[in-house]
Amino acid sequence: MLSIRTVLGPLATILLTVLGPFGAHGSGLADKVIWAVNAGGESHVDVHGIHYRKDPLEGRVGRASDYGMKLPILRSNPEDQVLYQTERYNEDSFGYDIPIKEEGEYVLVLKFAEVYFAQSQQKVFDVRVNGHTVVKDLDIFDRVGHSTAHDEIIPISIKKGKLSVQGEVSTFTGKLSVEFVKGYYDNPKVCALFIMKGTADDVPMLQPHPGLEKKEEEEEEEEEEGSTSKKQINKNRVQSGPRTPNPYASDNSSLMFPILVAFGVFIPTLFCLCRL
């Protein structure tokens, strides 16, 4: 009779082979994250295993707000809504310094949700990374609406002492400076942020937003309709009716008539004079 160990040994090997990648993916994602902060809030471990530390700017720069704690956040996992419900803002520009020891490919993820204003053009600001503007005129409400999660995903490359982001290059000295820049409308803010090794494809996506997807589809349809109408207008312009006659062509014949009359009078007159 086969022993239990003999039977279960190969079975365990098969299970580890099949399930191993799934477990490795979850832990692998958290291992790629080198720095994460829950801005304006306490420490938190999300559903992907990413450990967000308590905000290091507490009591130093800006103000923490938990105003969003009373609101459900769309597009976010229920367990991770706290990452969008708390925030840090400041009446002037502010930011975080992130130490990076190794060169390579990185992704900076910035998390936002508008939990106060209920219309666009109320809070608009920029985001800079080491002096490079990576997000211009961010209007969270205009992007996704009220109490809805929004992530900005920014790939970064650090090689041979140079930082490359969105086509711009600068010298890198081991510190990534993420700055939220005050604009003309209210104060800059952030709900949470992290940086990880890898590419944008490695970043977990937010849940779909039916209303947002419908809006994007409508905008795409409008762009296509606009392009089609322009082509039709151009086509109609090519065949817009018969050509207008050239007015100068008729003027040539009218000029020739007096000349011919003059010749007709001059020749008989000359003939008569010669006979005299």
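Here, residue 1 is simply the first one shown, and the rest follow in order.
Here the Cβ of each residue, glycine as well, is placed from N, Cα and C on the backbone.
Among Tyr52, Tyr67, only Tyr67 appears in Swiss-Prot as part of the carbohydrate site alongside Tyr89, Tyr116, Phe117, Asp186. Applying an 8 A CB threshold to same-chain residues 6+ apart, the list for Tyr89 (carbohydrate binding site) reads Gly40, Gly62, Arg63, Ser65, Asn187, Pro188, Lys189. Here the binding-site residues are Tyr67, Tyr116, Phe117, and the one whose Cβ sees the fewest other Cβ atoms within 10 Å is Tyr67.
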